[in-house]
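Here is what TrEMBL says about this protein:
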- 6-146: domain 'EamA' (DOMAIN)
- 155-285: domain 'EamA' (DOMAIN)
- 7-25: transmembrane segment (TRANSMEM)
- 37-55: transmembrane segment (TRANSMEM)
- 75-92: transmembrane segment (TRANSMEM)
- 104-123: transmembrane segment (TRANSMEM)
- 130-147: transmembrane segment (TRANSMEM)
- 181-198: transmembrane segment (TRANSMEM)
- 204-226: transmembrane segment (TRANSMEM)
- 238-263: transmembrane segment (TRANSMEM)
- 269-287: transmembrane segment (TRANSMEM)
Amino acid sequence: MTAQTKGLLAAVGAYLCWGFMPLYWALFGGVRGWEVIGHRVLWSLILISAFLMLIGRFSEIFSTLRTFKKQPIQYFNLFAAAAIAAINWWINVYAATSNQVVELGIGMFLTPLFTVALGVVFFRERLSRLKQLSVFLPFLGVCIMIYTLGRMPWIALGVSSSWALYGVFKKRLGIDPWVSNALEASLMLPFAIAYLFYLDANGVGAFLAGGTYITILLISVGLVTSVPMIAFSAAANVLPLTILGFIQYMNPILTLIVGLVFFHEPFNHQQLIPLLFIWAGILTFIYSEFKEKAARKVQAARA
């Protein structure tokens, strides 16, 4: 089995885990969302640290922090990334525990296009007319969704915009993703522990009071969320971005299916029409990418 085949399997495995993740989050129905996030921070930090020790890269955490002294803005980028990641995690948990998984899936389709739009805002990236159209079509779809639902689809907008913003600050950090994840979790840890102690002191925490099942479930959060991250990291090292770009759509497709099949959520014109506009934007973007790539090949051949 070649390295690329292994990478493909790892990527598919990661996106399968993420696609079916709402089923796991739904198990926490009686637990506060932020308590789940607090335990995710705690246990995932332990696992990420162990993983970095295993591959002999734990010292990179401290060497990276030393470089931050020369670039104080990196502390802000790190804090912003950590805060936005926590919000994104909470939205995922809340959507699953409040039966709004279909809207979550629709929001995930928006993420790549939000990323493109933020690239223009933060990094002054230029868009062709086709790519401008690919951003405008989903925007139109969201406007239709707001009109048909009679409310702001904040889960769809929240999960997509937060993940896209997270990518912006990760890019600004420009450090190894595993080191970044460890630093983000370390930054969130004091807040997580303080909140968990607060819940326990007021007798409303689920970790000990919820019984053995809930205790084990909360401990498992670190493992369940870290394994797909490790798999994706391994895949990203060997797979071309074009392949990863296509595979990433497994996540929203599976999430949408999970919402329909397992959560029995309604899916009618209120969701379908906006989704068609979003898909049209995605297809336009993919077509534009292929067209630009072909043009670059022609220019290279002439040079």
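Heads up, the Cβ atoms here are built off N, Cα and C, so glycines get one too.
Highest Cβ pair count under 8 Å relative to the transmembrane segment (75-92), across stretches 37-55, 104-123, 130-147, 181-198, 269-287: 181-198.
In terms of C-beta pairs under 8 Å, the stretch of 7-25, 130-147, 181-198, 204-226 lying closest in packing to the transmembrane segment (269-287) is 130-147. Stretch with the largest number of CB pairs closer than 8 A to the transmembrane segment (130-147), among 37-55, 104-123, 181-198, 204-226: 104-123.
At the 8 Å Cβ threshold, with sequence separation of at least 6, the transmembrane segment (238-263) comes into contact with the transmembrane segment (104-123) through 3 or more pairs.
Residues belonging to the domain 'EamA' (155-285) score a mean pLDDT of 88 in the model.
When DSSP labels each residue, the domain 'EamA' (155-285) comes out as 107 helix, 0 strand, 24 coil, counted as helix, strand and coil in that order. The transmembrane segment (37-55) makes no contact with the transmembrane segment (7-25): fewer than 3 of their CB pairs lie within 8 A, with pairs spaced 6 or more apart in sequence.
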